C-alpha cells in the first residue's frame with residue numbers, strides 16, 4: 001500500500017510540468033503535414049543579378065532547411081515535395097500530366113535531405129532538366145494531385161498545409177479554363193481543412209498577387225503573417241516567411257476567461273519561449289533496432305502477485321492510524337475549481353514590480369472557434385487596458401487538480417515593421433504573482449564601498465560595452481555542435497560543419513571600444529605593476545622558520561569554563577581535541593577516543 005507522501009509528491013511534479021513551469025513537451029493528437037508545391041518552369045531557373053542564386057535554388061534551400069528542422073523538432077510530422085510545370089510526370093497512377101511527385105507524404109529523413117541537396121546549383125539544374133524538364137503548367141492538376149496525397153494517408157492529421165513556390169503571377173498565361181479549374185480545386189482543398197500559402201519570388205516587372213493567386217490562398221484566419229504583397233528576393237526573408245507559416249501555433253491549453261457572471265470568452269495559453277535542450281537518448285532493442293517502451297508494473301512484496309490498478313490504494317498515517325483512500329478521493333480533495341481564468345479586478349501597471357516575476361510567463365490569445373465573439377470581446381478588453389495603463393488581476397487554474405494562482409494579465413499592443421510584417425502579436429502576457437510567503441526580506445552582507453572616482457570610471461566602461469541584447473543572436477554552441485555531428489553522421493559527411501561560438505567575447509572589438517579606459521581603471525583600483533593574467537604564487541615557509549614543523553595552535557579551556565560547561569550540560573559544544581586537552585590539563589586519565597566517552601569521563605570527575 002503506497003504512502004500518501006510518495007503519491008502526493010509525484011503528483012505535484014506532474015502538475016508543475018503540466019502547468020507550464022518546466023515547459024515539457026506536451027502531447028497533441030495527430031501529426032502536422034506540409035506539402036511543398038514548387039514551380040519547375042524555365043523562369044524559375046534564371047539566375048539573378050551578379051551571380052545571385054536562381055529562384056529554384058532558393059526554394060530548394062528553404063525545403064532543405066525545413067526538412068532538417070523538422071527532423072530535430074518534430075520528426076513524426078509528414079512532408080512532401082511536388083513539382084508542377086514539368087515535362088515528365090510521376091504521380092499515383094500517372095493520372096496528372098506535368099506533375100512530378102518527388103517525395104510522398106512521409107516522415108523526413110537523411111535520404112530526403114541528400115536528394116534535395118542534389119537539386120541545388122548547376123548540377124541540380126542539369127539533373128532537373130534530365131529527369132523532369134520544363135513543360136506546360138496546370139496548377140489545378142497539381143492541387144488535385146496534392147489532395148490525393150492527403151486522402152491516401154491513413155494517419156490522423158491535426159494540421160494540413162500546402163506551400164506554393166513560384167515566380168509567375170499568371171501561371172497559365174491567361175487561360176481562363178485552367179484558371180477556373182485551379183480556383184475550384186483550391187476551394188475544395190480549403191473545405192477539407194488544407195491551408196494554402198503562397199511564397200512568391202522575385203520576377204522582372206514585379207509580382208502581382210491580385211491577378212490570380214489572391215483567390216487561391218487561404219485567408220489569414222490564424223493571426224499569422226498573412227499574405228505578403230512584396231515578393232522574396234533574399235534567402236533569409238524567404239526562410240523567415242516559411243518558418244512563420246510552417247510552425248503551427250499549438251496552445252498549451254484552452255480556457256474560459258470569466259469577466260463576470262454569465263460573461264465568458266475562450267482564450268488559448270501559449271508558451272512564448274521554450275528552452276532548447278539536447279534530446280535524451282532512446283533505448284533500442286539490440287536484435288531489431290526498434291525503440292524499447294517501458295511499462296511499469298506493481299507487485300505484491302509478499303506473494304509476488306501482479307496488482308491491478310483497482311487494488312492499489314493510497315494511505316496516510318494520522319494520529320497513529322492509517323487512513324486508506326481511493327485515487328478518486330485523492331483527486332477530489334485536490335480539486336479546487338474547474339480550470340479557467342476568473343477576473344478579480346484591475347490595477348495600475350506601475351504596481352507590478354520586477355520581483356513579482358517568479359516563473360516564466362505565458363501568452364493568451366482569443367479562441368474564436370470555441371466561443372463566438374471571443375475575439376471582439378478580447379480586443380475591447382485589450383484596448384481599454386492599454387488606454388488606461390492597467391493590468392487585469394485574475395484567479396488562474398490552468399488544469400484540473402492544479403491549485404489556484406493569482407495572475408496579472410499585462411496588455412501588449414500589435415507592432416508592425418516597415419514591411420507591415422507583425423513583430424509582436426496583440427494579446428495579454430499572463431504573469432504569475434507570488435504569495436505573501438514567497439517574498440522574503442534578506443540581510444545582504446555589508447562590504448566597504450568604493451570611492452566615487454573608480455565608480456565613475458566603471459560607469460564609463462559599462463556605457464561603452466552596452467548593447468541591445470537579442471536572444472536569437474546567441475545560439476547554444478553545445479546544442480549546435482551536437483546536431484551538426486548528427487547531421488554529418490546521417491548524411492555521410494567527411495566532417496561536421498564548423499560551429500561559430502557566438503557567446504565568446506569579441507576581444508578586439510571590446511579593446512577598440514574601451515581604448516585607455518581599462519588601463520585607467522586598473523591604475524585606480526589595483527597596485528602598481530599588477531598583472532591580472534598572472535597566477536598568484538604561494539610562498540612555502542622554510543624549515544629554519546619552523547614552517548615545516550609548525551603545528552596548529554591548541555585551543556585551551558580554563559577550569560572555570562570547564563566546570564560551567566559541566567553544570568550547564570553544554571560539553572557537547574566542545575570539539576574532541578579540546579576535550580582531550582581538558583582531560584590532560586585536569587590530570588584525568590581516559591582511554592576513550594570518542595566524544596561521548598570524553599564527556600562522560602569529565603562529568604564523572606567534575607560532576608556534583
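Backbone N, Cα and C define each Cβ position, glycine as well.
Pulled from TrEMBL, these are the features on record:
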- 27: active site, schiff-base intermediate with DNA (ACT_SITE)
- 11-20: compositional bias 'Acidic residues' (COMPBIAS)
- 548-560: compositional bias 'Basic and acidic residues' (COMPBIAS)
- 304-450: domain 'Ku' (DOMAIN)
- 571-606: domain 'SAP' (DOMAIN)
- 1-20: region 'Disordered' (REGION)
- 528-560: region 'Disordered' (REGION)
Worksheet item: So what's the average pLDDT for the domain 'Ku' (304-450)?
Response: 87
Item to complete: Run through the domain 'SAP' (571-606) and tell me, per DSSP, how many residues are helix, strand and coil.
Response: 26 helix, 0 strand, 10 coil
Fill in: Secondary structure content, the domain 'Ku' (304-450) (per DSSP, counts of residues)
35 helix, 52 strand, 60 coil
